[in-house]
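What TrEMBL records for this protein:
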type     : residues                                          : note
BINDING  : Gly57, Ala58, Ser59, Asp63, Val87, Gly170, Asp175 : ATP binding site
COMPBIAS : 344-361                                           : compositional bias 'Low complexity'
DOMAIN   : 54-239                                            : domain 'tRNA(Ile)-lysidine/2-thiocytidine synthase N-terminal'
DOMAIN   : 285-315                                           : domain 'Cytoplasmic tRNA 2-thiolation protein 1 C-terminal'
REGION   : 315-368                                           : region 'Disordered'
Amino acid sequence: MPAPQCASCHEARAALRRPRSGQALCATCFCTAFEAEVLHTVVAGRLLPPGAVVAVGASGGKDSTVLAHVLRELAPRLGISLHLVAVDEGIGGYRDAALAAVRRQAARWELPLTVVAYAELFGGWTMDAVARSTAGSGRSRSCCTFCGVLRRRALEEGARRVAATHVVTGHNADDMAETVLMNFLRGDAGRLARGGGLGSPGEGGALPRCRPLQLASQKEVVLYAHFRRLDYFSEECVYAPEAFRGHARELLKLLEAARPSAVLDLVHSAERLALAPAARPPPPGACSRCGALASRALCQACALLDGLNRGRPRLAIGKGRRGLDEEGPPGGRGSHSRPDPRLRSPSPASRDSSSPLGSDDVGVRGRL
């Protein structure tokens, strides 16, 4: 049976049916429609004002690649300038290849690129070193908790180095729905309440963040990358299979098969969620160590690094964090082999890494 005619241009043969609407479109019309929808998201949400210097979190994966390509196409209309910022987590056999893809993108699109590394920012700690440190705990999936927190802090630092005014990441609708599910399953009301909307305004001096692809499905992101013939890195992070996010992802697939609107329903549910006054988290203060925005004495990044330096990597995760204030200054087992856990160039305005997306964000397969 021949393919139907494109419902938009009525000239070319349709190359796909859009997963949500069922509309038959040719490749050109689909890409045009996809870009128009991202433009509408940015403009309607007032996410990127004219004159903004935008740091694009670039991981080399399909989401950040599509985001960078679309924003590059829209930049003249939005009046913004772009700068790619990539994070080197120090994952052998994985991140080097992904960074190579980012460098190819930057050269092809003539966009400036800055790479920041965990080892430089966090006293020599890399994700491979964190994995070795947590291996004996029987809870190796905590690697994703560490990476989600540290990656957010590293991206913020990279954005400041290039004098960016805004940070954008490539989280799509499926990513956000997974996060909502994770936070429901963990009973994390605080993150549920903070996870709505298209980003954060930049409270406490932190840079505003937004997610222009938040309403785009993962399937359409893949289709856009295919039709635009984008070069991206598609391997999954070696630590991702251990992440709790994988269980949420499988559950979401089952829900979407039974109810195709499940993904966007979850995203919009988070946007409309409001907590009763008694359940709201206390107003944030400043981290006593690095000055970042924090809901406790130590921000999440400093707390996690503190646990690593004490040889107790689980100390700052979950209930273990209650003992942080009782442990005294860093100096326990393992601290002799690591420098001070503070950032080398701490930024007082950096945001607390207790991200609205949850601490398991690296389970998004390295997408930014």
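Keep in mind that glycine also has a Cβ here, set from the backbone N, Cα and C atoms.
Just so you know, TrEMBL annotations never went through curation; they're auto-generated.
Listed binding-site residues: Ala58, Val87; maximum Cβ neighbour count within 10 Å falls on Ala58. Secondary structure counts, DSSP: the domain 'Cytoplasmic tRNA 2-thiolation protein 1 C-terminal' (285-315) has 10 helix, 4 strand, 17 coil.
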